[in-house]
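Visitor: Handing you this structure, nothing more for now.
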(Lines of atoms letter the chains of each structure in order from A and count residues from 1; the text may use other names and numbers.)
(Lines give C-alpha, C1' and ligand atoms only; values in the text may rest on other atoms or scores of the structure.)
Protein backbone atom coordinates (compact mmCIF):
# COMPACT_ATOMS: atom_id res chain seq x y z
CA UNK A 1 0.00 0.00 0.00
CA UNK A 2 1.45 3.35 -1.05
CA UNK A 3 2.15 6.15 1.44
CA UNK A 4 -0.24 8.45 -0.40
CA UNK A 5 -3.05 5.88 -0.17
CA UNK A 6 -2.42 5.35 3.57
CA UNK A 7 -2.49 9.14 4.20
CA UNK A 8 -5.71 9.48 2.23
CA UNK A 9 -7.32 6.67 4.21
CA UNK A 10 -6.23 8.19 7.52
CA UNK A 11 -7.59 11.60 6.51
CA UNK A 12 -10.93 10.07 5.52
CA UNK A 13 -11.10 8.20 8.83
CA UNK A 14 -10.35 11.38 10.78
CA UNK A 15 -12.89 13.30 8.74
CA UNK A 16 -15.56 10.68 9.44
CA UNK A 17 -14.96 11.19 13.16
CA UNK A 18 -14.72 15.03 13.08
CA UNK A 19 -17.74 15.83 10.86
CA UNK A 20 -20.33 14.19 13.17
CA UNK A 21 -18.71 15.92 16.15
CA UNK A 22 -18.89 19.27 14.32
CA UNK A 23 -22.49 18.67 13.35
CA UNK A 24 -23.39 17.81 16.92
CA UNK A 25 -21.66 20.96 18.17
CA UNK A 26 -23.50 23.08 15.62
CA UNK A 27 -26.81 21.48 16.58
CA UNK A 28 -26.09 22.22 20.24
CA UNK A 29 -25.25 25.87 19.53
CA UNK A 30 -28.24 26.27 17.21
CA UNK A 31 -30.58 24.67 19.74
CA UNK A 32 -29.30 26.88 22.54
CA UNK A 33 -29.64 29.99 20.39
CA UNK A 34 -33.17 29.04 19.34
CA UNK A 35 -34.22 28.35 22.91
CA UNK A 36 -32.72 31.64 24.08
CA UNK A 37 -34.44 33.59 21.30
CA UNK A 38 -37.75 31.89 22.05
CA UNK A 39 -37.34 32.56 25.75
CA UNK A 40 -36.42 36.22 25.29
CA UNK A 41 -39.19 36.88 22.77
CA UNK A 42 -41.78 35.40 25.11
CA UNK A 43 -40.92 37.74 27.97
CA UNK A 44 -43.01 40.94 28.30
CA UNK A 45 -40.83 43.99 27.79
CA UNK A 46 -43.15 46.49 29.50
CA UNK A 47 -46.40 46.37 31.52
CA UNK A 48 -49.20 45.06 29.31
CA UNK A 49 -46.88 43.82 26.55
CA UNK A 50 -48.05 40.65 24.79
CA UNK A 51 -45.18 39.12 22.76
CA UNK A 52 -46.30 37.29 19.59
CA UNK A 53 -44.48 35.04 17.15
CA UNK A 54 -45.02 35.55 13.41
CA UNK A 55 -47.94 33.11 13.23
CA UNK A 56 -49.69 34.62 16.25
CA UNK A 57 -49.09 38.09 14.81
CA UNK A 58 -50.68 37.15 11.47
CA UNK A 59 -53.60 35.34 13.12
CA UNK A 60 -54.25 38.22 15.52
CA UNK A 61 -54.07 40.78 12.71
CA UNK A 62 -56.57 38.88 10.58
CA UNK A 63 -59.00 38.42 13.46
CA UNK A 64 -58.76 41.94 14.83
CA UNK A 65 -59.08 43.45 11.33
CA UNK A 66 -62.27 41.51 10.75
CA UNK A 67 -63.69 42.59 14.10
CA UNK A 68 -62.65 46.21 13.56
CA UNK A 69 -64.57 46.26 10.28
CA UNK A 70 -67.68 44.42 11.43
CA UNK A 71 -67.86 45.75 15.01
CA UNK A 72 -66.08 49.13 15.12
CA UNK A 73 -67.34 49.69 18.67
CA UNK A 74 -64.81 47.04 19.74
CA UNK A 75 -62.13 49.61 20.52
CA UNK A 76 -59.80 46.88 21.77
CA UNK A 77 -59.81 45.28 18.33
CA UNK A 78 -59.33 48.62 16.58
CA UNK A 79 -56.39 49.31 18.88
CA UNK A 80 -54.95 45.86 18.20
CA UNK A 81 -54.95 46.55 14.45
CA UNK A 82 -53.16 49.81 15.18
CA UNK A 83 -50.50 48.03 17.22
CA UNK A 84 -49.99 45.20 14.74
CA UNK A 85 -49.69 47.39 11.63
CA UNK A 86 -47.64 50.24 13.06
CA UNK A 87 -44.21 48.61 12.91
CA UNK A 88 -42.75 50.27 9.79
CA UNK A 89 -43.96 53.77 10.75
CA UNK A 90 -43.19 54.06 14.47
CA UNK A 91 -39.39 54.33 14.05
CA UNK A 92 -39.92 57.26 11.66
CA UNK A 93 -42.24 58.98 14.14
CA UNK A 94 -39.69 58.45 16.90
CA UNK A 95 -37.01 59.98 14.68
CA UNK A 96 -39.23 63.02 14.14
CA UNK A 97 -39.57 63.34 17.91
CA UNK A 98 -35.83 62.98 18.41
CA UNK A 99 -35.22 65.73 15.85
CA UNK A 100 -37.39 68.15 17.85
CA UNK A 101 -36.46 69.59 21.29
CA UNK A 102 -40.10 69.31 22.30
CA UNK A 103 -40.32 65.75 21.00
CA UNK A 104 -37.15 64.75 22.84
CA UNK A 105 -38.64 66.00 26.11
CA UNK A 106 -41.74 63.89 25.49
CA UNK A 107 -39.63 60.77 24.93
CA UNK A 108 -37.55 61.49 28.01
CA UNK A 109 -40.42 62.29 30.38
CA UNK A 110 -43.07 59.98 28.83
CA UNK A 111 -46.13 61.91 30.05
CA UNK A 112 -49.56 60.28 30.00
CA UNK A 113 -52.88 61.97 29.28
CA UNK A 114 -55.81 60.98 31.49
CA UNK A 115 -57.85 62.38 34.35
CA UNK A 116 -55.25 61.17 36.86
CA UNK A 117 -52.43 63.13 35.25
CA UNK A 118 -54.30 66.20 33.97
CA UNK A 119 -56.05 68.61 36.35
CA UNK A 120 -59.33 69.17 34.50
CA UNK A 121 -60.59 71.69 37.04
CA UNK A 122 -57.50 73.80 36.53
CA UNK A 123 -57.97 73.69 32.76
CA UNK A 124 -61.59 74.76 33.17
CA UNK A 125 -60.42 77.82 35.11
CA UNK A 126 -58.08 79.00 32.35
CA UNK A 127 -59.14 81.97 30.19
CA UNK A 128 -61.32 81.43 27.13
CA UNK A 129 -59.27 80.87 24.01
CA UNK A 130 -56.43 78.97 25.67
CA UNK A 131 -55.64 75.40 24.63
CA UNK A 132 -56.47 74.04 28.10
CA UNK A 133 -59.88 75.72 28.30
CA UNK A 134 -60.68 74.76 24.69
CA UNK A 135 -59.70 71.14 25.35
CA UNK A 136 -61.80 70.67 28.49
CA UNK A 137 -64.75 72.40 26.78
CA UNK A 138 -64.37 70.04 23.82
CA UNK A 139 -64.43 67.02 26.15
CA UNK A 140 -67.63 68.27 27.75
CA UNK A 141 -69.33 69.11 24.44
CA UNK A 142 -68.52 65.67 23.01
CA UNK A 143 -69.36 63.78 26.23
CA UNK A 144 -66.00 61.97 26.20
CA UNK A 145 -63.12 61.40 28.59
CA UNK A 146 -59.39 60.85 27.98
CA UNK A 147 -59.56 57.71 30.15
CA UNK A 148 -60.94 55.49 27.36
CA UNK A 149 -57.76 55.05 25.32
CA UNK A 150 -56.65 51.43 25.01
CA UNK A 151 -53.13 50.59 26.19
CA UNK A 152 -50.57 49.33 23.70
CA UNK A 153 -50.01 45.55 23.83
CA UNK A 154 -48.45 44.31 20.59
CA UNK A 155 -45.53 46.67 19.85
CA UNK A 156 -42.34 44.88 20.90
CA UNK A 157 -40.00 47.84 21.44
CA UNK A 158 -40.81 49.72 24.69
CA UNK A 159 -39.90 53.13 23.30
CA UNK A 160 -41.91 52.58 20.13
CA UNK A 161 -44.79 51.31 22.26
CA UNK A 162 -44.73 54.66 24.07
CA UNK A 163 -44.77 56.52 20.74
CA UNK A 164 -47.90 54.55 19.80
CA UNK A 165 -49.47 55.26 23.19
CA UNK A 166 -48.65 58.94 22.82
CA UNK A 167 -50.36 59.07 19.45
CA UNK A 168 -53.40 57.31 20.86
CA UNK A 169 -53.71 59.63 23.86
CA UNK A 170 -53.16 62.73 21.71
CA UNK A 171 -55.96 61.82 19.29
CA UNK A 172 -58.52 64.01 21.07
CA UNK A 173 -56.27 67.04 20.67
CA UNK A 174 -56.43 66.59 16.90
CA UNK A 175 -60.23 66.74 17.02
CA UNK A 176 -60.07 69.71 19.36
CA UNK A 177 -57.64 71.92 17.46
CA UNK A 178 -59.34 71.43 14.07
CA UNK A 179 -62.80 71.90 15.62
CA UNK A 180 -64.40 68.51 14.93
CA UNK A 181 -66.72 66.45 17.20
CA UNK A 182 -66.68 62.64 17.45
CA UNK A 183 -69.44 61.49 15.08
CA UNK A 184 -68.53 58.93 12.41
CA UNK A 185 -67.99 61.42 9.59
CA UNK A 186 -65.79 63.65 11.77
CA UNK A 187 -63.83 60.63 12.98
CA UNK A 188 -63.16 59.58 9.40
CA UNK A 189 -62.06 63.11 8.55
CA UNK A 190 -59.58 63.01 11.43
CA UNK A 191 -58.32 59.60 10.26
CA UNK A 192 -57.59 61.03 6.80
CA UNK A 193 -55.89 63.95 8.55
CA UNK A 194 -53.80 61.63 10.75
CA UNK A 195 -52.78 59.50 7.79
CA UNK A 196 -51.61 62.60 5.90
CA UNK A 197 -49.78 63.96 8.95
CA UNK A 198 -48.36 60.82 10.59
CA UNK A 199 -48.65 58.03 8.02
CA UNK A 200 -49.97 55.41 10.44
CA UNK A 201 -51.41 52.43 8.52
CA UNK A 202 -54.37 52.10 10.91
CA UNK A 203 -55.48 55.64 10.09
CA UNK A 204 -55.35 54.76 6.38
CA UNK A 205 -57.17 51.48 7.02
CA UNK A 206 -59.97 53.29 8.85
CA UNK A 207 -60.16 55.99 6.19
CA UNK A 208 -60.30 53.46 3.36
CA UNK A 209 -63.06 51.27 4.79
CA UNK A 210 -64.84 53.31 7.46
CA UNK A 211 -66.87 55.33 4.96
CA UNK A 212 -68.76 52.16 4.01
CA UNK A 213 -70.72 52.54 7.26
CA UNK A 214 -72.19 55.97 6.46
CA UNK A 215 -74.98 57.07 4.16
CA UNK A 216 -74.32 58.06 0.56
CA UNK A 217 -75.10 61.71 1.36
CA UNK A 218 -72.58 61.75 4.23
CA UNK A 219 -70.04 59.89 2.10
CA UNK A 220 -70.42 62.46 -0.66
CA UNK A 221 -69.78 65.31 1.76
CA UNK A 222 -66.86 63.42 3.33
CA UNK A 223 -65.02 63.11 0.03
CA UNK A 224 -66.09 66.47 -1.33
CA UNK A 225 -65.30 68.62 1.71
CA UNK A 226 -63.51 66.81 4.51
CA UNK A 227 -61.00 64.66 2.64
CA UNK A 228 -59.48 67.53 0.59
CA UNK A 229 -59.18 69.57 3.80
CA UNK A 230 -57.66 66.62 5.70
CA UNK A 231 -55.05 65.82 3.06
CA UNK A 232 -54.03 69.45 2.56
CA UNK A 233 -54.03 70.44 6.23
CA UNK A 234 -52.56 67.21 7.59
CA UNK A 235 -49.94 67.00 4.88
CA UNK A 236 -48.68 70.55 5.33
CA UNK A 237 -48.92 70.85 9.14
CA UNK A 238 -46.08 70.21 11.57
CA UNK A 239 -45.87 66.58 12.70
CA UNK A 240 -48.26 66.57 15.65
CA UNK A 241 -46.51 63.65 17.37
CA UNK A 242 -43.82 66.16 18.38
CA UNK A 243 -46.19 68.54 20.21
CA UNK A 244 -46.00 68.57 24.03
CA UNK A 245 -49.66 69.52 24.50
CA UNK A 246 -49.50 69.52 28.30
CA UNK A 247 -46.89 72.29 28.27
CA UNK A 248 -49.08 74.49 26.09
CA UNK A 249 -52.27 74.65 28.17
CA UNK A 250 -52.06 78.43 28.56
CA UNK A 251 -51.16 79.14 24.93
CA UNK A 252 -53.74 80.91 22.77
CA UNK A 253 -55.42 78.31 20.55
CA UNK A 254 -55.29 80.56 17.49
CA UNK A 255 -51.59 81.19 17.98
CA UNK A 256 -50.97 77.46 18.44
CA UNK A 257 -52.81 76.60 15.24
CA UNK A 258 -50.84 79.15 13.27
CA UNK A 259 -47.59 77.77 14.70
CA UNK A 260 -48.53 74.22 13.75
CA UNK A 261 -49.94 75.15 10.34
CA UNK A 262 -53.50 74.09 11.16
CA UNK A 263 -56.88 75.49 10.26
CA UNK A 264 -60.46 74.47 11.05
CA UNK A 265 -62.16 71.60 9.25
CA UNK A 266 -65.42 72.20 7.37
CA UNK A 267 -68.28 72.88 9.76
CA UNK A 268 -69.71 69.82 11.49
CA UNK A 269 -72.84 69.05 13.48
CA UNK A 270 -72.09 69.02 17.21
CA UNK A 271 -73.90 66.94 19.84
CA UNK A 272 -76.36 68.66 22.16
CA UNK A 273 -75.13 69.70 25.61
CA UNK A 274 -75.90 67.17 28.35
CA UNK A 275 -78.50 69.53 29.83
CA UNK A 276 -80.44 69.37 26.54
CA UNK A 277 -79.98 65.65 25.87
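Using N, Cα and C of the backbone, Cβ positions are placed for all residues, glycine too.
Remember, TrEMBL labels are computer predictions, not curated facts.
Relevant sequence annotations retrieved from TrEMBL are reproduced here:
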BINDING   171, 172, 175, 187  Zn(2+) binding site
Visitor: Neighbour count first, Cβ atoms within 10 Å, every protein chain included; then name which of 171, 175 tops the list of binding-site residues.
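Guide: Of the binding-site residues 171, 175, the highest Cβ count within 10 Å belongs to 175.
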Visitor: List every residue in the same chain as residue 172 (Zn(2+) binding site), at least 6 positions away in sequence, whose Cβ is under 8 Å from its Cβ.
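Guide: Residues satisfying the criterion: 135, 138, 139, 144, 146.
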Visitor: Determine which residues of the same chain, besides 171, 172, 175, 187, have their CB within 8 A of the center of the CB atoms at the recorded Zn(2+) site, and list them by sequence.
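Guide: For the Zn(2+) site the neighbour list reads 173, 174, 176, 180, 182, 190.
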Visitor: Looking only at Cβ atoms, how many others are within 10 Å of the one on residue 187 (Zn(2+) binding site)?
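Guide: The Cβ of residue 187 (Zn(2+) binding site) has 17 Cβ neighbours within 10 Å.
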